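Notes follow the structure.
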(Lines of atoms letter the chains of each structure in order from A and count residues from 1; the text may use other names and numbers.)
(Lines give C-alpha, C1' and ligand atoms only; values in the text may rest on other atoms or scores of the structure.)
Protein backbone atom coordinates (compact mmCIF):
# COMPACT_ATOMS: atom_id res chain seq x y z
CA UNK A 1 0.00 0.00 0.00
CA UNK A 2 1.80 3.12 -1.21
CA UNK A 3 0.87 6.46 0.29
CA UNK A 4 -0.38 9.53 -1.55
CA UNK A 5 1.93 12.08 -3.15
CA UNK A 6 2.21 14.99 -0.71
CA UNK A 7 2.08 18.56 -2.07
CA UNK A 8 2.94 21.25 0.45
CA UNK A 9 2.91 24.11 -2.07
CA UNK A 10 0.42 25.38 -4.65
CA UNK A 11 3.15 25.15 -7.32
CA UNK A 12 3.72 21.45 -6.61
CA UNK A 13 -0.03 20.76 -6.57
CA UNK A 14 -0.48 22.52 -9.92
CA UNK A 15 2.46 20.66 -11.49
CA UNK A 16 0.93 17.33 -10.44
CA UNK A 17 -2.54 18.22 -11.75
CA UNK A 18 -1.03 19.51 -15.01
CA UNK A 19 0.71 16.15 -15.53
CA UNK A 20 -2.61 14.32 -14.90
CA UNK A 21 -4.37 16.60 -17.39
CA UNK A 22 -1.66 15.89 -19.95
CA UNK A 23 -2.50 12.20 -19.51
CA UNK A 24 -6.22 12.96 -20.05
CA UNK A 25 -7.18 12.02 -16.48
CA UNK A 26 -10.14 13.50 -14.60
CA UNK A 27 -9.68 14.90 -11.08
CA UNK A 28 -11.94 15.03 -8.01
CA UNK A 29 -11.25 16.90 -4.78
CA UNK A 30 -12.27 16.45 -1.15
CA UNK A 31 -11.45 19.52 0.97
CA UNK A 32 -10.97 18.59 4.66
CA UNK A 33 -9.53 19.96 7.88
CA UNK A 34 -7.93 16.56 8.64
CA UNK A 35 -8.78 14.49 11.74
CA UNK A 36 -10.20 12.09 9.18
CA UNK A 37 -12.98 9.68 10.15
CA UNK A 38 -15.19 7.22 8.27
CA UNK A 39 -17.37 10.09 7.05
CA UNK A 40 -14.42 11.65 5.24
CA UNK A 41 -13.41 8.28 3.82
CA UNK A 42 -16.85 7.82 2.28
CA UNK A 43 -16.42 11.22 0.54
CA UNK A 44 -13.09 10.04 -0.88
CA UNK A 45 -14.61 6.76 -2.13
CA UNK A 46 -17.36 8.79 -3.81
CA UNK A 47 -14.70 11.04 -5.37
CA UNK A 48 -12.72 8.04 -6.65
CA UNK A 49 -15.88 6.55 -8.17
CA UNK A 50 -16.35 9.74 -10.21
CA UNK A 51 -12.83 10.63 -11.34
CA UNK A 52 -9.49 9.01 -12.20
CA UNK A 53 -7.60 10.86 -9.47
CA UNK A 54 -8.54 12.20 -6.03
CA UNK A 55 -6.93 15.15 -4.23
CA UNK A 56 -7.62 15.50 -0.49
CA UNK A 57 -6.68 18.84 1.03
CA UNK A 58 -5.85 18.82 4.73
CA UNK A 59 -5.86 22.36 6.04
CA UNK A 60 -7.23 23.66 9.33
CA UNK A 61 -8.44 26.99 7.97
CA UNK A 62 -7.93 29.72 10.57
CA UNK A 63 -10.32 32.20 8.91
CA UNK A 64 -13.41 30.08 9.58
CA UNK A 65 -12.82 29.97 13.33
CA UNK A 66 -13.90 32.87 15.57
CA UNK A 67 -11.36 33.98 18.22
CA UNK A 68 -13.49 32.22 20.88
CA UNK A 69 -13.66 28.94 18.94
CA UNK A 70 -11.59 25.74 18.97
CA UNK A 71 -8.88 26.52 16.37
CA UNK A 72 -6.01 25.64 18.74
CA UNK A 73 -7.56 22.50 20.14
CA UNK A 74 -8.97 21.32 16.79
CA UNK A 75 -7.57 17.78 16.38
CA UNK A 76 -4.44 17.52 14.17
CA UNK A 77 -3.03 14.10 13.30
CA UNK A 78 -1.36 14.31 9.89
CA UNK A 79 0.50 10.97 10.04
CA UNK A 80 -2.67 9.03 10.84
CA UNK A 81 -4.61 11.02 8.22
CA UNK A 82 -2.07 10.09 5.53
CA UNK A 83 -2.42 6.41 6.46
CA UNK A 84 -6.16 6.67 5.98
CA UNK A 85 -5.71 8.29 2.56
CA UNK A 86 -3.46 5.37 1.59
CA UNK A 87 -6.17 2.90 2.75
CA UNK A 88 -8.69 4.37 0.34
CA UNK A 89 -6.23 4.88 -2.52
CA UNK A 90 -6.19 8.69 -2.64
CA UNK A 91 -3.41 9.83 -4.98
CA UNK A 92 -2.58 13.28 -3.62
CA UNK A 93 -2.65 15.00 -0.22
CA UNK A 94 -2.44 18.79 -0.35
CA UNK A 95 -1.13 19.97 3.03
CA UNK A 96 -0.24 23.65 2.70
CA UNK A 97 0.96 25.81 5.60
CA UNK A 98 -1.18 28.81 6.65
CA UNK A 99 1.46 31.12 5.07
CA UNK A 100 1.18 29.28 1.75
CA UNK A 101 -2.58 29.83 1.70
CA UNK A 102 -2.59 33.35 3.18
CA UNK A 103 0.68 35.09 2.24
CA UNK A 104 1.54 38.52 3.57
CA UNK A 105 -0.74 41.24 2.23
CA UNK A 106 -3.66 38.84 1.73
CA UNK A 107 -6.79 41.01 1.69
CA UNK A 108 -9.64 39.32 -0.21
CA UNK A 109 -12.77 37.50 0.87
CA UNK A 110 -15.61 35.76 -0.92
CA UNK A 111 -18.98 36.58 0.63
CA UNK A 112 -21.99 34.43 -0.25
CA UNK A 113 -25.52 35.59 0.59
CA UNK A 114 -28.59 33.44 -0.12
CA UNK A 115 -28.18 30.06 1.62
CA UNK A 116 -25.72 31.47 4.17
CA UNK A 117 -28.47 33.55 5.83
CA UNK A 118 -29.42 32.43 9.36
CA UNK A 119 -28.79 28.98 10.92
CA UNK A 120 -24.98 28.70 11.42
CA UNK A 121 -24.47 32.36 10.51
CA UNK A 122 -26.61 33.47 13.47
CA UNK A 123 -24.06 31.83 15.77
CA UNK A 124 -20.86 31.94 13.70
CA UNK A 125 -21.21 35.23 11.78
CA UNK A 126 -18.00 35.00 9.70
CA UNK A 127 -17.88 31.22 9.31
CA UNK A 128 -19.11 31.01 5.72
CA UNK A 129 -16.92 33.92 4.58
CA UNK A 130 -13.98 31.85 5.80
CA UNK A 131 -15.28 28.67 4.15
CA UNK A 132 -16.20 30.31 0.82
CA UNK A 133 -12.86 32.10 0.57
CA UNK A 134 -10.71 29.05 1.30
CA UNK A 135 -12.80 26.70 -0.86
CA UNK A 136 -12.71 29.07 -3.85
CA UNK A 137 -8.92 29.29 -3.41
CA UNK A 138 -8.55 25.50 -3.16
CA UNK A 139 -10.63 25.06 -6.32
CA UNK A 140 -8.58 27.62 -8.23
CA UNK A 141 -5.34 26.06 -6.98
CA UNK A 142 -6.31 22.47 -7.82
CA UNK A 143 -8.82 23.03 -10.69
CA UNK A 144 -10.64 19.71 -10.13
CA UNK A 145 -13.57 18.60 -12.30
CA UNK A 146 -15.70 17.89 -9.25
CA UNK A 147 -15.57 18.11 -5.47
CA UNK A 148 -17.37 16.06 -2.84
CA UNK A 149 -18.82 17.58 0.35
CA UNK A 150 -20.75 15.82 3.12
CA UNK A 151 -24.44 16.53 3.66
CA UNK A 152 -23.55 16.55 7.38
CA UNK A 153 -22.49 20.20 6.88
CA UNK A 154 -25.63 20.84 4.89
CA UNK A 155 -25.63 24.64 4.89
CA UNK A 156 -21.95 24.62 3.88
CA UNK A 157 -22.81 22.34 0.94
CA UNK A 158 -25.53 24.78 -0.21
CA UNK A 159 -23.22 27.80 0.22
CA UNK A 160 -20.38 26.17 -1.79
CA UNK A 161 -22.84 25.23 -4.57
CA UNK A 162 -24.15 28.81 -4.70
CA UNK A 163 -20.61 30.21 -4.73
CA UNK A 164 -19.47 28.03 -7.66
CA UNK A 165 -22.56 28.89 -9.65
CA UNK A 166 -22.22 32.63 -8.91
CA UNK A 167 -18.49 32.98 -9.59
CA UNK A 168 -18.56 30.59 -12.58
CA UNK A 169 -16.03 28.28 -10.93
CA UNK A 170 -16.23 25.24 -13.22
CA UNK A 171 -16.33 22.57 -10.48
CA UNK A 172 -19.29 20.21 -10.07
CA UNK A 173 -20.32 20.02 -6.40
CA UNK A 174 -21.46 16.60 -5.16
CA UNK A 175 -23.26 16.21 -1.84
CA UNK A 176 -22.64 12.81 -0.20
CA UNK A 177 -24.91 11.29 2.47
CA UNK A 178 -23.97 11.69 6.13
CA UNK A 179 -22.15 8.67 7.55
CA UNK A 180 -23.53 7.64 10.97
CA UNK A 181 -22.40 5.24 13.67
CA UNK A 182 -24.53 2.23 14.67
CA UNK A 183 -26.65 4.53 16.87
CA UNK A 184 -27.19 7.06 14.06
CA UNK A 185 -24.78 9.68 15.42
CA UNK A 186 -23.36 11.71 12.51
CA UNK A 187 -19.58 11.26 12.18
CA UNK A 188 -17.71 14.43 13.15
CA UNK A 189 -14.14 15.27 14.09
CA UNK A 190 -15.62 17.04 17.11
CA UNK A 191 -17.08 13.76 18.43
CA UNK A 192 -13.53 13.14 19.69
CA UNK A 193 -14.17 15.79 22.36
CA UNK A 194 -17.07 13.80 23.91
CA UNK A 195 -16.77 11.61 27.03
CA UNK A 196 -18.82 8.41 27.37
CA UNK A 197 -21.78 10.11 29.04
CA UNK A 198 -21.88 12.89 26.45
CA UNK A 199 -21.62 10.34 23.64
CA UNK A 200 -24.77 8.60 24.88
CA UNK A 201 -26.60 11.93 24.85
CA UNK A 202 -25.19 12.91 21.43
CA UNK A 203 -26.66 9.72 19.98
CA UNK A 204 -30.18 10.96 20.74
CA UNK A 205 -29.88 13.93 18.40
CA UNK A 206 -30.51 12.00 15.18
CA UNK A 207 -33.41 10.08 16.76
CA UNK A 208 -35.11 13.33 17.75
CA UNK A 209 -34.51 14.90 14.30
CA UNK A 210 -35.73 11.87 12.32
CA UNK A 211 -38.87 11.75 14.43
CA UNK A 212 -39.64 15.48 13.96
CA UNK A 213 -38.91 15.31 10.22
CA UNK A 214 -41.29 12.37 9.80
CA UNK A 215 -44.03 14.20 11.69
CA UNK A 216 -43.55 17.35 9.56
CA UNK A 217 -43.58 15.31 6.34
CA UNK A 218 -46.91 13.83 7.48
CA UNK A 219 -48.42 17.28 8.01
CA UNK A 220 -47.55 18.31 11.58
CA UNK A 221 -46.94 22.04 12.15
CA UNK A 222 -43.22 22.80 11.54
CA UNK A 223 -43.02 25.48 14.25
CA UNK A 224 -44.52 23.19 16.90
CA UNK A 225 -42.31 20.28 15.85
CA UNK A 226 -39.07 22.28 15.89
CA UNK A 227 -39.97 23.74 19.31
CA UNK A 228 -40.68 20.30 20.71
CA UNK A 229 -37.51 18.83 19.12
CA UNK A 230 -35.56 21.61 20.78
CA UNK A 231 -37.11 20.74 24.17
CA UNK A 232 -36.41 17.04 23.56
CA UNK A 233 -32.70 17.81 22.96
CA UNK A 234 -32.51 19.67 26.29
CA UNK A 235 -34.43 16.86 28.05
CA UNK A 236 -31.97 14.33 26.58
CA UNK A 237 -29.11 16.21 28.23
CA UNK A 238 -27.88 18.76 25.67
CA UNK A 239 -26.76 21.86 27.56
CA UNK A 240 -27.97 24.37 24.98
CA UNK A 241 -29.72 24.43 21.60
CA UNK A 242 -28.63 27.03 19.01
CA UNK A 243 -31.40 26.18 16.56
CA UNK A 244 -33.76 23.55 15.21
CA UNK A 245 -35.18 24.85 11.92
CA UNK A 246 -36.99 23.79 8.76
CA UNK A 247 -35.82 25.16 5.39
CA UNK A 248 -36.34 24.51 1.69
CA UNK A 249 -33.70 21.92 0.77
CA UNK A 250 -31.91 23.75 -2.08
CA UNK A 251 -32.04 27.50 -1.43
CA UNK A 252 -32.40 27.13 2.37
CA UNK A 253 -35.18 29.71 2.05
CA UNK A 254 -38.64 29.30 3.66
CA UNK A 255 -40.07 25.81 3.23
CA UNK A 256 -43.36 25.06 1.47
CA UNK A 257 -44.94 21.68 2.35
CA UNK A 258 -45.18 20.59 -1.30
CA UNK A 259 -41.37 20.86 -1.75
CA UNK A 260 -38.47 18.88 -0.32
CA UNK A 261 -37.37 20.31 3.01
CA UNK A 262 -34.49 19.97 5.40
CA UNK A 263 -34.58 19.92 9.20
CA UNK A 264 -31.34 21.35 10.59
CA UNK A 265 -30.10 21.57 14.18
CA UNK A 266 -27.12 22.73 16.24
CA UNK A 267 -26.74 22.03 19.96
CA UNK A 268 -24.09 22.04 22.67
CA UNK A 269 -22.82 19.29 24.96
CA UNK A 270 -20.66 21.16 27.44
CA UNK A 271 -18.09 23.01 25.33
CA UNK A 272 -18.65 20.85 22.23
CA UNK A 273 -21.02 22.03 19.50
CA UNK A 274 -22.67 19.38 17.33
CA UNK A 275 -24.73 19.84 14.15
CA UNK A 276 -26.90 17.46 12.18
CA UNK A 277 -29.70 17.54 9.60
CA UNK A 278 -32.17 15.20 7.92
CA UNK A 279 -34.41 15.35 4.86
CA UNK A 280 -38.14 16.16 4.98
CA UNK A 281 -39.80 14.30 2.11
CA UNK A 282 -42.01 16.36 -0.22
CA UNK A 283 -45.68 15.52 0.35
CA UNK A 284 -46.92 13.38 -2.53
CA UNK B 1 -11.53 43.12 -42.60
CA UNK B 2 -13.60 40.40 -40.92
CA UNK B 3 -15.21 41.17 -37.57
CA UNK B 4 -14.69 39.31 -34.29
CA UNK B 5 -16.65 36.20 -33.34
CA UNK B 6 -19.44 37.35 -31.01
CA UNK B 7 -20.22 35.25 -27.92
CA UNK B 8 -23.39 36.25 -26.09
CA UNK B 9 -23.31 33.32 -23.64
CA UNK B 10 -20.72 31.89 -21.26
CA UNK B 11 -21.18 28.47 -22.90
CA UNK B 12 -20.32 29.84 -26.35
CA UNK B 13 -17.32 31.74 -24.96
CA UNK B 14 -16.01 28.61 -23.25
CA UNK B 15 -16.48 26.49 -26.37
CA UNK B 16 -14.43 28.99 -28.40
CA UNK B 17 -11.64 29.17 -25.81
CA UNK B 18 -11.59 25.37 -25.53
CA UNK B 19 -11.07 25.11 -29.28
CA UNK B 20 -8.19 27.61 -29.10
CA UNK B 21 -6.63 25.65 -26.25
CA UNK B 22 -6.93 22.46 -28.29
CA UNK B 23 -4.89 24.23 -30.98
CA UNK B 24 -2.26 25.22 -28.39
CA UNK B 25 -3.02 28.96 -28.65
CA UNK B 26 -2.53 31.45 -25.82
CA UNK B 27 -5.33 33.84 -24.87
CA UNK B 28 -5.38 37.42 -23.57
CA UNK B 29 -8.42 39.33 -22.32
CA UNK B 30 -9.38 43.00 -22.15
CA UNK B 31 -12.47 43.59 -19.96
CA UNK B 32 -14.34 46.77 -20.98
CA UNK B 33 -17.69 48.48 -20.58
CA UNK B 34 -17.74 49.36 -24.29
CA UNK B 35 -17.81 52.94 -25.61
CA UNK B 36 -14.38 52.09 -26.92
CA UNK B 37 -11.81 54.82 -27.49
CA UNK B 38 -8.11 54.91 -28.43
CA UNK B 39 -7.17 54.02 -24.85
CA UNK B 40 -9.06 50.73 -25.09
CA UNK B 41 -7.54 50.03 -28.49
CA UNK B 42 -4.04 50.37 -27.06
CA UNK B 43 -4.94 47.75 -24.42
CA UNK B 44 -6.06 45.39 -27.18
CA UNK B 45 -2.87 45.92 -29.16
CA UNK B 46 -0.89 45.16 -26.00
CA UNK B 47 -3.00 42.01 -25.49
CA UNK B 48 -2.42 40.88 -29.09
CA UNK B 49 1.34 41.42 -28.69
CA UNK B 50 1.32 39.01 -25.74
CA UNK B 51 -1.02 36.23 -26.86
CA UNK B 52 -2.26 34.47 -29.98
CA UNK B 53 -5.89 35.41 -29.40
CA UNK B 54 -7.62 38.38 -27.74
CA UNK B 55 -11.04 38.38 -26.08
CA UNK B 56 -12.67 41.76 -25.40
CA UNK B 57 -15.64 41.70 -23.05
CA UNK B 58 -18.18 44.49 -23.50
CA UNK B 59 -20.45 44.60 -20.47
CA UNK B 60 -21.76 47.64 -18.63
CA UNK B 61 -21.66 46.10 -15.17
CA UNK B 62 -24.62 47.33 -13.11
CA UNK B 63 -23.12 46.28 -9.74
CA UNK B 64 -20.29 48.80 -9.92
CA UNK B 65 -22.65 51.76 -10.30
CA UNK B 66 -24.35 53.33 -7.26
CA UNK B 67 -28.08 54.13 -7.64
CA UNK B 68 -27.13 57.83 -8.01
CA UNK B 69 -24.54 57.20 -10.71
CA UNK B 70 -24.63 57.21 -14.52
CA UNK B 71 -25.57 53.57 -15.31
CA UNK B 72 -28.49 54.54 -17.55
CA UNK B 73 -26.72 57.31 -19.41
CA UNK B 74 -23.39 55.42 -19.67
CA UNK B 75 -22.60 55.46 -23.43
CA UNK B 76 -23.60 52.26 -25.30
CA UNK B 77 -22.63 51.84 -28.98
CA UNK B 78 -22.15 48.13 -29.70
CA UNK B 79 -22.09 48.37 -33.51
CA UNK B 80 -19.35 51.00 -33.48
CA UNK B 81 -17.44 49.09 -30.79
CA UNK B 82 -17.45 45.93 -32.93
CA UNK B 83 -16.05 47.91 -35.85
CA UNK B 84 -13.20 49.11 -33.67
CA UNK B 85 -12.45 45.52 -32.55
CA UNK B 86 -12.26 44.52 -36.22
CA UNK B 87 -9.83 47.41 -36.88
CA UNK B 88 -7.39 46.06 -34.30
CA UNK B 89 -7.88 42.39 -35.18
CA UNK B 90 -9.53 41.20 -31.95
CA UNK B 91 -10.83 37.64 -32.47
CA UNK B 92 -13.69 37.47 -29.95
CA UNK B 93 -16.19 39.92 -28.45
CA UNK B 94 -17.97 38.66 -25.33
CA UNK B 95 -21.21 40.62 -25.02
CA UNK B 96 -23.34 38.91 -22.36
CA UNK B 97 -26.69 40.23 -21.13
CA UNK B 98 -27.02 41.23 -17.45
CA UNK B 99 -29.14 38.06 -16.90
CA UNK B 100 -26.36 35.89 -18.32
CA UNK B 101 -23.86 37.37 -15.85
CA UNK B 102 -26.21 37.64 -12.86
CA UNK B 103 -28.86 34.91 -13.12
CA UNK B 104 -31.74 34.70 -10.64
CA UNK B 105 -30.58 33.81 -7.15
CA UNK B 106 -27.15 35.37 -7.63
CA UNK B 107 -25.83 36.12 -4.13
CA UNK B 108 -22.01 36.24 -4.08
CA UNK B 109 -19.49 39.06 -3.98
CA UNK B 110 -15.71 39.29 -3.97
CA UNK B 111 -14.46 41.87 -1.48
CA UNK B 112 -10.85 43.07 -1.75
CA UNK B 113 -9.27 45.04 1.11
CA UNK B 114 -5.70 46.40 0.89
CA UNK B 115 -5.42 48.65 -2.19
CA UNK B 116 -9.17 49.31 -2.29
CA UNK B 117 -8.97 51.36 0.94
CA UNK B 118 -9.65 55.09 0.51
CA UNK B 119 -9.37 57.11 -2.74
CA UNK B 120 -12.27 55.93 -5.00
CA UNK B 121 -13.79 53.89 -2.15
CA UNK B 122 -14.30 57.05 -0.07
CA UNK B 123 -16.63 58.34 -2.80
CA UNK B 124 -17.91 55.12 -4.41
CA UNK B 125 -18.09 52.73 -1.43
CA UNK B 126 -19.23 49.60 -3.32
CA UNK B 127 -17.43 50.28 -6.60
CA UNK B 128 -14.55 47.82 -6.14
CA UNK B 129 -16.84 45.07 -4.84
CA UNK B 130 -18.68 45.37 -8.13
CA UNK B 131 -15.46 45.43 -10.16
CA UNK B 132 -13.77 42.55 -8.29
CA UNK B 133 -16.86 40.36 -8.53
CA UNK B 134 -17.43 40.87 -12.25
CA UNK B 135 -13.73 40.61 -13.15
CA UNK B 136 -13.29 37.37 -11.20
CA UNK B 137 -16.36 36.00 -13.01
CA UNK B 138 -15.06 37.11 -16.43
CA UNK B 139 -11.69 35.47 -15.72
CA UNK B 140 -13.33 32.21 -14.62
CA UNK B 141 -15.62 32.27 -17.66
CA UNK B 142 -12.88 32.99 -20.20
CA UNK B 143 -9.79 31.52 -18.41
CA UNK B 144 -7.30 33.74 -20.27
CA UNK B 145 -3.53 33.50 -19.68
CA UNK B 146 -3.27 37.23 -19.16
CA UNK B 147 -5.46 40.33 -19.03
CA UNK B 148 -4.63 43.95 -19.80
CA UNK B 149 -5.95 46.88 -17.74
CA UNK B 150 -5.23 50.57 -18.20
CA UNK B 151 -3.16 52.49 -15.67
CA UNK B 152 -5.75 55.24 -16.11
CA UNK B 153 -7.89 53.33 -13.56
CA UNK B 154 -4.87 52.83 -11.37
CA UNK B 155 -6.57 51.78 -8.14
CA UNK B 156 -8.67 49.29 -10.09
CA UNK B 157 -5.48 47.82 -11.59
CA UNK B 158 -4.01 47.37 -8.08
CA UNK B 159 -7.26 45.85 -6.75
CA UNK B 160 -7.52 43.35 -9.63
CA UNK B 161 -3.86 42.34 -9.13
CA UNK B 162 -4.44 41.82 -5.40
CA UNK B 163 -7.61 39.81 -6.08
CA UNK B 164 -5.94 37.45 -8.55
CA UNK B 165 -3.03 36.87 -6.19
CA UNK B 166 -5.33 36.32 -3.20
CA UNK B 167 -7.83 33.98 -4.86
CA UNK B 168 -5.15 32.14 -6.86
CA UNK B 169 -6.81 33.06 -10.16
CA UNK B 170 -4.10 32.05 -12.64
CA UNK B 171 -4.27 35.16 -14.84
CA UNK B 172 -1.29 37.50 -15.29
CA UNK B 173 -2.39 41.13 -14.91
CA UNK B 174 -0.69 43.63 -17.20
CA UNK B 175 -0.97 47.37 -16.57
CA UNK B 176 -0.76 49.43 -19.78
CA UNK B 177 0.17 53.15 -19.88
CA UNK B 178 -2.62 55.72 -20.01
CA UNK B 179 -3.35 56.98 -23.52
CA UNK B 180 -3.68 60.78 -23.66
CA UNK B 181 -4.84 63.25 -26.29
CA UNK B 182 -2.48 65.90 -27.72
CA UNK B 183 -3.13 68.03 -24.63
CA UNK B 184 -2.39 65.20 -22.20
CA UNK B 185 -6.02 64.54 -21.25
CA UNK B 186 -6.43 60.88 -20.30
CA UNK B 187 -8.79 59.05 -22.67
CA UNK B 188 -12.06 58.14 -20.95
CA UNK B 189 -15.52 57.12 -22.11
CA UNK B 190 -16.83 59.86 -19.81
CA UNK B 191 -14.99 62.55 -21.83
CA UNK B 192 -17.95 62.21 -24.23
CA UNK B 193 -20.09 64.03 -21.63
CA UNK B 194 -17.92 67.18 -21.78
CA UNK B 195 -18.79 70.30 -23.80
CA UNK B 196 -16.04 72.40 -25.43
CA UNK B 197 -15.55 74.66 -22.40
CA UNK B 198 -15.35 71.72 -20.00
CA UNK B 199 -12.92 69.92 -22.33
CA UNK B 200 -10.52 72.88 -22.13
CA UNK B 201 -10.68 72.72 -18.33
CA UNK B 202 -10.31 68.92 -18.27
CA UNK B 203 -7.07 69.23 -20.21
CA UNK B 204 -5.46 71.09 -17.31
CA UNK B 205 -5.78 68.14 -14.95
CA UNK B 206 -2.78 66.23 -16.27
CA UNK B 207 -0.63 69.39 -16.36
CA UNK B 208 -1.40 70.07 -12.69
CA UNK B 209 -0.71 66.44 -11.70
CA UNK B 210 2.57 66.14 -13.64
CA UNK B 211 3.79 69.36 -12.07
CA UNK B 212 2.93 68.26 -8.51
CA UNK B 213 4.44 64.79 -9.05
CA UNK B 214 7.70 66.33 -10.31
CA UNK B 215 7.88 68.64 -7.28
CA UNK B 216 7.23 65.72 -4.88
CA UNK B 217 9.86 63.58 -6.62
CA UNK B 218 12.33 66.44 -6.11
CA UNK B 219 11.61 66.57 -2.37
CA UNK B 220 8.65 68.93 -1.94
CA UNK B 221 6.24 68.12 0.92
CA UNK B 222 3.52 65.75 -0.40
CA UNK B 223 0.75 67.21 1.78
CA UNK B 224 1.48 70.77 0.65
CA UNK B 225 1.74 69.72 -3.01
CA UNK B 226 -1.54 67.77 -3.01
CA UNK B 227 -3.34 70.65 -1.29
CA UNK B 228 -2.02 73.12 -3.84
CA UNK B 229 -2.82 70.78 -6.76
CA UNK B 230 -6.36 70.55 -5.40
CA UNK B 231 -6.62 74.36 -5.32
CA UNK B 232 -5.16 74.55 -8.83
CA UNK B 233 -7.87 72.18 -10.13
CA UNK B 234 -10.59 74.42 -8.65
CA UNK B 235 -8.87 77.54 -10.02
CA UNK B 236 -8.75 75.92 -13.47
CA UNK B 237 -12.53 75.53 -13.37
CA UNK B 238 -13.21 72.09 -11.86
CA UNK B 239 -16.40 72.34 -9.82
CA UNK B 240 -15.29 69.97 -7.05
CA UNK B 241 -12.27 67.87 -6.09
CA UNK B 242 -12.85 64.46 -4.47
CA UNK B 243 -9.19 63.84 -3.74
CA UNK B 244 -5.60 64.47 -4.75
CA UNK B 245 -3.43 61.94 -2.91
CA UNK B 246 0.01 60.34 -2.85
CA UNK B 247 0.34 56.58 -2.32
CA UNK B 248 2.95 53.84 -2.62
CA UNK B 249 2.65 52.62 -6.21
CA UNK B 250 2.06 48.88 -5.62
CA UNK B 251 0.12 48.45 -2.36
CA UNK B 252 -1.45 51.95 -2.46
CA UNK B 253 -0.41 52.19 1.20
CA UNK B 254 1.43 55.19 2.66
CA UNK B 255 4.26 56.44 0.45
CA UNK B 256 7.91 56.60 1.54
CA UNK B 257 10.12 59.01 -0.50
CA UNK B 258 12.67 56.27 -1.31
CA UNK B 259 10.04 54.16 -3.09
CA UNK B 260 8.06 54.65 -6.30
CA UNK B 261 4.87 56.59 -5.63
CA UNK B 262 1.69 57.46 -7.42
CA UNK B 263 -0.22 60.73 -7.41
CA UNK B 264 -3.95 60.09 -7.90
CA UNK B 265 -6.83 62.52 -8.35
CA UNK B 266 -10.57 62.64 -8.93
CA UNK B 267 -12.49 65.83 -9.71
CA UNK B 268 -15.84 66.94 -11.09
CA UNK B 269 -16.73 69.09 -14.07
CA UNK B 270 -20.45 69.73 -13.63
CA UNK B 271 -22.02 66.26 -13.42
CA UNK B 272 -19.01 64.48 -14.97
CA UNK B 273 -16.41 62.89 -12.73
CA UNK B 274 -12.89 62.51 -14.11
CA UNK B 275 -9.93 60.61 -12.65
CA UNK B 276 -6.25 60.55 -13.54
CA UNK B 277 -2.92 59.58 -12.01
CA UNK B 278 0.80 59.89 -12.69
CA UNK B 279 3.97 58.25 -11.40
CA UNK B 280 6.25 59.78 -8.76
CA UNK B 281 9.76 58.59 -9.48
CA UNK B 282 11.69 57.01 -6.59
CA UNK B 283 14.44 59.34 -5.34
CA UNK B 284 17.78 58.01 -6.53
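Each residue, glycine too, has its Cβ placed from N, Cα and C.
Feature list (source: TrEMBL):
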| type | residues | note |
| --- | --- | --- |
| BINDING | B:33-40, B:150-153, B:179, B:187-190 | ATP binding site |
| ACT_SITE | B:40 | active site, proton donor |
| BINDING | B:64, B:156 | (R)-pantoate binding site |
| BINDING | B:64 | beta-alanine binding site |
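If you take the Cα of residue B:64 ((R)-pantoate binding site) and the Cα of residue B:40 (active site, proton donor), they are about 19 angstrom apart, rounded to a whole number.
For residue B:179 (ATP binding site), the same-chain residues 6+ apart in sequence whose C-beta sits under 8 angstroms from its C-beta are B:37, B:38, B:39, B:42, B:150, B:152, B:186, B:187. A distance of 10 Å separates the Cα atom of residue B:40 (active site, proton donor) from that of residue B:33 (ATP binding site). Residue B:151 (ATP binding site) carries a helical DSSP state (H, G or I). Note: residue B:33 (ATP binding site) has non-local neighbours B:58, B:59, B:60, B:61, B:74, B:189, i.e. same-chain residues 6+ apart with C-beta under 8 A of its own C-beta. In this view, the densest Cβ surroundings among the binding-site residues B:156, B:189 belong to B:156, judged by other Cβ atoms lying within 10 Å. Cβ-based neighbour count (10 Å, all protein chains) for residue B:39 (ATP binding site) stands at 22. The number of other CB atoms found within 10 A of the CB of residue B:40 (active site, proton donor), across every protein chain shown, is 25. DSSP assigns residue B:179 (ATP binding site) to coil in the three-state reduction, outside any helix or strand.
When Cβ atoms from all protein chains are considered, those within 10 Å of residue B:36 (ATP binding site) total 27, not counting its own.
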